[in-house]
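One structure below.
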Amino acid sequence: MDHNSQKSNTAHVELVQSDTNVDDEASISTQPRTSTWKAVIGNPKIIALCLFANIGGMMYGFDNLVLSLSLSMPAFAQQYGTLQPSGSYIISASWQSLWNALAQIATAVGAACAGPLQDRFGRRISFIVAAVISMAGVAVIYTSSNPSTYLAGKIVNGLSLGMILTTGQTYISEIAPPSFRGIALSLFTFSMNLGYMIAASLALSRTSILDKSSYQVLFAVEWCWPALILLFVFFVPESPYYLVMKDQTDKARQQLEKLCGKKEDVEPELQRIVNTYEEEKRLHEGSEASGFLDCFRGTDWRRTRIILYCNALPQVIGSTFMANGPYFLVQAGMSPFRVNMMIELGIGFGIAGSLITIYLMNVCGFRRLIMAGVAVSTTLYTVIGIAGCFPSSSTALWIVGIFLQLTWWTFGPTIGPAMAIAGEVSSMRLRAKSLALGFTFNYTFSTIMNVVVPYMFNQDQGNWGGKIGWVFAGMGIIALALVFLEIPETKKRSFPELDSLFLEKVPTRSFKTARTVITHEEQKVVD
């Protein structure tokens, strides 16, 4: 590589503002685009690996809802709560906040640790370490008999969740081709909703059971997810990107052949990975080995901001509130059985929304879907807030319950494309660390919400009821402005294209129409 040229790269890139959509085949000259569904059909092994990497989403969804479902079970309250003068058992808001908040802090710490762990030992080792930690954490949860031991188990399991989620998104972003990489990353939302559905379905038949088995069965099922990871991880190829960064090009070629099949010519793809890494090294020549601080420097700071905004969106549309939904509705006066029925309905909406999103991402793009999802969520929470102003009305209670479940529809259009953009915008050398920062921010934000939200709706504290909707409606308005100003369209962009767009400081709203022409000479901008 010529280090004296101004911008040497594998690609000669011309950025021209036009009204042409990036899907126009003329926009790339040496890296032909394949239609999404043709690419999906032609890469069954990569699809299977993406599903494997999304087990973390299922783990998180299941674990996130199990606590709230358990809180609505009399046996759980009797085991971990305190006896009231009325003869009933109540788990204090302080314990609820600790269980939720410290588990989320642990998830944030696990996500932060996953970045350096992946860069040092690889993506496969990170999966294995996280799964082993999860097995230990679930064991503590299952055998716990008091609130403090249960808290310890939640913390240990939280560490593993942060590691698995970060590693999974990093791995998917590095093995999936641009034509369906965004959709593969967005499967995180579908997996999370599937985890929710499994938890709610199991709990529905156990609400009337008055012994420990009512909730312990839910705890035991949590062993299934790390067991699946440990069972299949040894058949998972290592990320070629990681191996190239470790100067193990021959091993990277072998792993690409496993991913694509030996009949495929993997040399062009291997060369693109090598050249992308070499160009990033050239641009940062003389700097020390990449660390977390590099995520806040130069063009990487813009990329990091986008990742942070995308990871904030789950909390903005009320993912913590939804996880506490069963207990919230019980506190509002709904019977546990009806609550579980309502939650299953909402999760069904969420799964349907996630599946529809997979199609809409290919048609509408990522940015537009995020804005639509946040706008609808904001509207729904406004209705909930209005209904909450009439706490004595049974009709208002049903409006709160129904509209709360309708917000599940917005999970797919909002979180799915947001996770796709977050997984695509980081530079190659900082990908593991950037995504670790994103998930760390997500769960730090979640920690704050898990402390605050129970105090908002618990009867012995704020007792806000549906008026809590105003909080999320307000956050939604702020999020809409940030999405419009900061989050670009990345649909079907290759990593070299995205590198060029960020390097040339292309405005957010111009990412969709900026045309890139790929050659193999040098990179420059044409006005």
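Glycine is no exception: its Cβ is also placed from the backbone N, Cα and C atoms.
Sequence annotations record features per position, and here TrEMBL assigns transmembrane segment to 46-69, 125-143, 155-172, 184-205, 217-236, 341-362, 369-390, 396-422, 434-456, 468-485. Per TrEMBL, the feature domain 'Major facilitator superfamily (MFS) profile' maps to 49-491.
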*Tally Cβ pairs under 8 Å between the transmembrane segment (369-390) and each listed stretch (125-143, 217-236, 396-422, 434-456), then give the stretch with the top tally.*
396-422
*asked:* How about long-range neighbours of the transmembrane segment (125-143): same chain, 6 or more residues beyond its ends, C-beta under 8 Å?
replied: 59, 110, 114, 117-118, 149-150, 152-161, 163-164, 167-168, 171, 216, 219-220, 222-223, 225-227, 229-230, 233, 236
*Excluding the flanking five residues on each side, which residues at least 6 beyond the ends of the transmembrane segment (46-69) place their CB within less than 8 Å of a CB in that stretch?*
40, 99-100, 134, 154, 157, 161, 164-165, 167-169, 171-172, 175-177, 184, 187-196, 198-200, 203, 218-219, 221-222, 225-226, 228-229, 232-233, 236-237, 259-260, 319, 323-327, 340, 343
*For the transmembrane segment (217-236), could you work out the same-chain residues 6 or more beyond its ends whose Cβ comes under 8 Å from its Cβ atoms?*
49, 52, 55, 58-59, 62-63, 66, 69-70, 124, 127-128, 130-132, 134-135, 138, 141-142, 157, 160, 164, 198-199, 202-203, 206
_For the transmembrane segment (434-456), give me same-chain residues lying six or more residues beyond its boundaries with a C-beta closer than 8 angstroms to one of its C-beta atoms, as numbers and ranges._
93, 96-97, 100-105, 107-109, 111-116, 162, 165-166, 169-170, 173, 292, 295, 300, 303-304, 307-308, 310-312, 314-315, 319-321, 324, 327, 422-423, 426-427, 462, 464, 468, 471
*Any residues 6+ beyond the ends of the transmembrane segment (396-422) with a Cβ under 8 Å from its own?*
169, 181-183, 185-190, 192-193, 306-307, 310-311, 313-314, 317-319, 321-322, 325, 328-329, 332-334, 342-343, 345-350, 352-358, 360-361, 366-367, 369-370, 372-374, 376-377, 380-381, 383-384, 387-390, 435, 438, 465-466, 469, 487-488, 490
